[in-house]
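Annotation comment: TrEMBL describes 585-618 as compositional bias 'Acidic residues'. Annotation source TrEMBL lists compositional bias 'Basic and acidic residues' at 619-642. What TrEMBL lists as domain 'Small-subunit processome Utp12' is 459-561. Sequence annotations record features per position, and here TrEMBL assigns region 'Disordered' to 385-413, 584-642. Taken from TrEMBL, the feature repeat 'WD' applies to 115-156.
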Amino acid sequence: MAAETSSSSLQLPCVFSPQSRQYLALCAQDGRLRIWNTDSKTLHQEYVPSAHLSATCICIAWGPCRTVKEGPQRKKRKSEVVLGEEKADLLAMGTAAGSVLIYSTVKGVLHCTLDGGHSGGVNCVQWHPKDSLLYSGSDDTYIIEWDLQTGKARSKWKADRAAVTSLCVSPDGKLLLSAGHIIKMWDLDTKEVYRKFTGHSTAVTTLRFATTRPPDSNGLYFLSGAAHDRLLSVWQVREDGKDKNSVVSFTLTDEPQHIDLVASNNKEEAVRLAVVCKDGQLHLFEHFLNGPCKKPLSPMCSVQMSDTKDSPVPIPMLAAALAAGTRAVLLGYGTHLQPVMEKLEINTAERHVCLTRDVQTSMSISLETAVSKVKTPFVGDKSRVLAPGLPGHQAPVKGTTQGSEKRKKGTETREMSIAERLGEIDLSAVSTEKGAPKGTATLQTDNFAVLLLQGLESNDADILNKVFQTRKEMVIKKTVARLPLPAILPLMEVITKRLQGHPIAATLMVRWLRAVLMHHTSYLASLPDLVTQLGVLYHMIESRVKTFNKLTKLNGKLYLLATQVARSDCSSSADVDHKAKLVYEEESSDDEASGDEGLPDNDSDNWEEEEAMEEDKDPDSKGDSKANGEEDMERGNESEEE
């Protein structure tokens, strides 16, 4: 069942054909379009797009039943007017590459390709009920109106700032609903906004008109469902424009995945609704739309399906279709590779119905007979196989250049286990090395989601450490956003344990905790036993918040002390050093006197040089020497006279 939960998390398209519900069209994990006949329970057609691996199919929409005026098979269709199921012909597929493929089930070939209009992946396609027109919404925030007769875009306009995730055309073909986070109603004649509806916090994934009445009579209703939301909201288009809030809400057990309804034509006719949730359950509703209803409405009947083993395992529902005249329901359940179709009447008097079916034997026999070119890889005892459909499983972890070199060097053909692959992934080397070749592939966000799921399921500390060591905010946000809802609580438990550990690990875990609370708060708030499951985290955060005020005061005091100590150190270091770096000592007065007394002596031959040096050193001494010289001259003259 791991494969089932992972495949359902991707919301693979699965749609019944209109009116007769003769065909079931779906795209599996391999990107192929398969059309099953609900009457014979066999595969009717299979189409493999040329880019089915690189540009996977995101959405599918059946076109309206083609009338006699179209196509070269006019005479053949006149004889088949009674058989409405044979009129379902064209099928539109929106791809991740931005193109729209139109497939013809009557001819069994691709009718045309609508490309060149979108720069992002096509999230939704919707047919016009009367004209040969098709509307597509994309990640590039634009809506394109395609003309199927020419195969070109008829008009293109910007819908919103966010990506367009859902479209729906009114039964009369005059209004168009588009939604990202805000629901807008457009007038198709002028391509202007007619009304706006706000109320969803996440991307709207489902839009359906519930009534066929005109909008000017206050009787036009439509319903909407959003991602990670367990409510279906019903909106009323009022003539006075006071339609800001939803009037009715239907409660679900999980996010809606497939919706089918029988519209109401008047006030006396109730709207019948069949909703297949992400957890594989079917919920049936029936309600008269006549104004607002304060309390959310619970399902009239909930249907689950399980196998016939001793320990029953649930079988997920893929799609459901309601019959217009009877109470019968057409169910599609099992896997996307080989679904099982069954038409039955459900006893709605019981609130909960559990159906048991043995689908393993029929699926295994049909798979062995139908598929013959599939090679089963060798799986070791220590290896762990990634289930198909997990987010990011389509993108390789390693580049082609590295793989070719390792194949040349190694001689063994044994498949590497997850532990060995993790050992070869060096995130720091790939991100920090400047001289790394361009062909080396880095670990992408979807690979992080796969590794995190594997680590949570196996409780492997090495895998979790590899994922939790990243510090990039964008990688953390995208990884948490790609996780399925059943993995949120185990992730919160791991984060709680690591927050109680080393402070460095706690700083890393705070980023993951913030990303989880930003993306999955609505899911966590809807859990009934959230307080008991996250009680440890709550008490830990509360205890740390209580000590935060004291720590802040202590931090302030330490800051003041540190600044005072730093200032005192600076002031002590700035004092003037009284000790001179260079000391010049002059000769004392005693030395000068002794030098003067020795001047008349003839013992010193260098007295003139010493006298000159003394004159240079001190002008006072120079004056004294002059006086002494005059006295000497006078004495010399006296001696000559004698």
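Glycine residues also receive a Cβ, built from the backbone N, Cα and C atoms like all the rest.
In the domain 'Small-subunit processome Utp12' (459-561), the DSSP tally of helix, strand and coil residues is 86 helix, 0 strand, 17 coil.
Averaged over the domain 'Small-subunit processome Utp12' (459-561), the predicted model reaches a pLDDT of 85. Residues of the repeat 'WD' (115-156) grouped by DSSP class, helix first, strand second and coil last, total 0 helix, 23 strand, 19 coil.
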